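Visitor: One structure follows; several queries about it will come next.
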C-alpha cells in the first residue's frame, strides 16, 4: 500500500510537471498570438487609414471633375441659348422686313369726318386693296357691315341708304376688328378667343383660329368691351390683348393672315391700366392712354418687337384738339393715317414719322 501511495504521488508529480510544461507552452503560444493579434490589428488599422485617404482623394477628384463638367455643360448651354436667340432675331428680322425703319414722331392734325352711330364702333379702309371703299362697323356687338363706295358717299347725310349691307353669320365682340385684303378679321361674340376670317365679297367664313391666352380680360381697361384688338401695319396682321398672368401687361402676336397661324408672340412692358386703345406701326406697338373721365389722349408707352426703339427715350405724344376718349384707333399703312372712333365721331389723324435710331 505504501508503495502504491508513493507511486501515485510520483505520478501526480509527473503530471504536475508535465502540466506545468504544457502550460508554459500554451502561455508562450498565447503570448505569440497576442503579438500577432496586435500586429494584425495595427496592419488592419493602417490599411483602413490608407483606404480612407484613397476614398477622400477619389471624392475630391470626382468633385473637381464634376465641377468642371457642370461648368462646361453650363457654358455650352449658354452658348447654345445665345446662338438660338441670335438665330431667332435673324429670322424675325427676315419675317418682319427689317427695312421698315420709321417710327411715329408726332400726330400732326385732326379731321372729324362725321358723327354717326353709337358711342363705340370702328371705321376703316382696306390697306391691302386699291379701292377707296369705306367700311363702318357700328357698336361693340353687331353683325352688319356697311360698305361705302368712297369717303364722300360716307360723309353724305343719308349715307346709310347708299351703303351696301353685309351680314355676318356670327356677330363681333368689341371694336378691335380689321379689314385687310378683302377679309374681315374679328373676335367672335360669345367666344373666349376665337378670331374669324370672313370674305366680304363672297360673304362666307374662310378660316378661324383660337388666340392663345387671350379673351380673359379687356385689352384696355378704358375700353372694356374689346378683349382682342386686331391691327394692321406694314408687316400685316397683329393681335393685341392683355393677360392676367402678365400683370395686365399687353401681349402682341404676329399672325399670318393667309394661314391664320401664330408666327410669334411678345410680352410687352406696356400696361392695360388707363389704356383706351393701341395700334401698330412698322413692328412697333403704340399704346394710347387717357383718364377714366376722358381727356387728352396720349401715347406714353412704345414697344418695338425688334428692340430698335426704346420706350423710355420717347417723349409722350398727345393727340391734338380732341377732348374725350377713343374706343378704336387703327393705323392704315397705305395712307399713313389713323382711323379713330371717339364718342361717336369718325376721326382721321395724320402721322409725322422719323427714322428709327
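Cβ coordinates are placed from backbone N, Cα and C, and glycine is handled just like the others.
Pulled the feature table from TrEMBL, pasting it below:
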DISULFID  100-282  disulfide bond
DOMAIN    99-355  domain 'Olfactomedin-like'
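Where in this structure would I find these features, and how exposed are they?
Guide: Listed in sequence order, 100, 101, 102, 103, 233, 234, 235, 356 are the same-chain residues at least 6 apart in sequence whose CB falls under 8 Å from the CB of residue 282 (disulfide bond).
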Visitor: On average, what pLDDT score does this prediction assign to the domain 'Olfactomedin-like' (99-355)?
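Guide: Averaged over the domain 'Olfactomedin-like' (99-355), per-residue pLDDT gives 93.
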